[in-house]
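J.: According to TrEMBL:
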- 12-32: transmembrane segment (TRANSMEM)
- 52-71: transmembrane segment (TRANSMEM)
- 78-101: transmembrane segment (TRANSMEM)
- Cys140-Cys168: disulfide bond (DISULFID)
- Cys141-Cys157: disulfide bond (DISULFID)
- 189-206: transmembrane segment (TRANSMEM)
Amino acid sequence: MAVNKCVKNLLFFFNLLFWVCGCVILGVGIYLKVTKGGNKITDQYLPSFDLMIAIGVIIMVIGFLGCCGAYKESRCMLLVFFIFLLLIFVLLLAAGIVAAVGGNTVKDWLKKRLEEFTPISSQNPEVIADMEKLQRELMCCGLMNGPSDWTKIPDSCKCNTTTPANGCNNGNYKDPCYDKIISYMKDNMVVALGIAFAVAAILVKMHTLSSKDVKHLISLKP
């Protein structure tokens with residue numbers, strides 16, 4: 001028995017869209033890794049661009065399996081696709097819950113990890129260079145305690161004293177980079193959770209639409 005043409009086309013379309021999303025995530029991840037990556041201080045303990053690239057590849061593979069399964073009416077491919085679909089939904093839901101209720105725990109863990117880089121002046125030249133790059137990008141000074149984290153305050157800590165809104169104090173940024181990193185994480189947390197739950201909702205919808213035709217899967221040839 002052939003799969004209903006309308007459901008088959010709808011399933012193929014959703015999987016194609018899923019595959020395209022994977023391509024976009026992969027492309028953005030590669031672009032950010034090339035242009036923004038390479039900071040040992042943040043990359044070591046924060047989700048790196050490699051994670052984004054890995055997620056993009058996984059989504060592409062799952063979308064490809066779904067497209068092939070829908071087009072060829074392959075029971076084996078579709079069953080594998082549904083299993084991966086369920087796993088992604090569970091992982092997204094778990095990640096969203098952990099991020100929503102475990103924010104303080106993550107914050108404390110990150111603080112302890114970043115403290116390993118202080119005092120900054122005693123670190124190797126590569127870490128010091130990454131720290132100065134981070135200070136310029138986030139307009140901050142020091143990692144945990146402000147300028148006092150440095151034996152000698154570098155030029156990357158210097159700021160425009162005519163713009164106190166940027167946190168200038170005696171010609172240097174007074175805010176430690178840890179506060180800026182946490183602020184950045186909080187600002188993006190809502191967006192990340194929104195995307196995660198939106199994707200999860202789409203996955204549930206895809207599974208619901210496909211489940212309506214589950215009786216046809218039994219008759220499909222592997």
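Any Cβ shown, glycine's included, is placed from N, Cα and C.
Keep in mind that TrEMBL annotations are predicted by a computer and have not been checked by a curator.
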J.: Where else in the chain does the transmembrane segment (12-32) make close Cβ contacts, counting only residues six or more beyond its ends and a cut-off under 8 Å?
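T.: Counting only partners 6 or more residues beyond its ends, the transmembrane segment (12-32) has Cβ contacts under 8 Å with 49-50, 52-53, 55-67, 69-71, 81, 202, 206, 209.
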J.: Between Cys157 (disulfide bond) and Cys168 (disulfide bond), find the distance joining the two CA atoms and give it rounded to the nearest Å.
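T.: Here the two Cα atoms lie 9 Å apart.
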J.: Measuring Cα to Cα, how many angstrom lie between Cys168 (disulfide bond) and Cys141 (disulfide bond)?
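T.: Cα-Cα distance, Cys168 (disulfide bond) to Cys141 (disulfide bond): 10 Å.
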J.: Which of the three DSSP states, helix, strand or coil, fits Cys168 (disulfide bond)?
T.: strand
J.: When you measure from the Cβ of Cys140 (disulfide bond), how many other Cβ atoms are you left with inside 10 Å?
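T.: There are 27 such Cβ atoms around Cys140 (disulfide bond).
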J.: So how many other Cβ atoms are close to Cys141 (disulfide bond), meaning within 10 Å of its Cβ?
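T.: A 10 Å sphere around the Cβ of Cys141 (disulfide bond) contains 28 other Cβ atoms.
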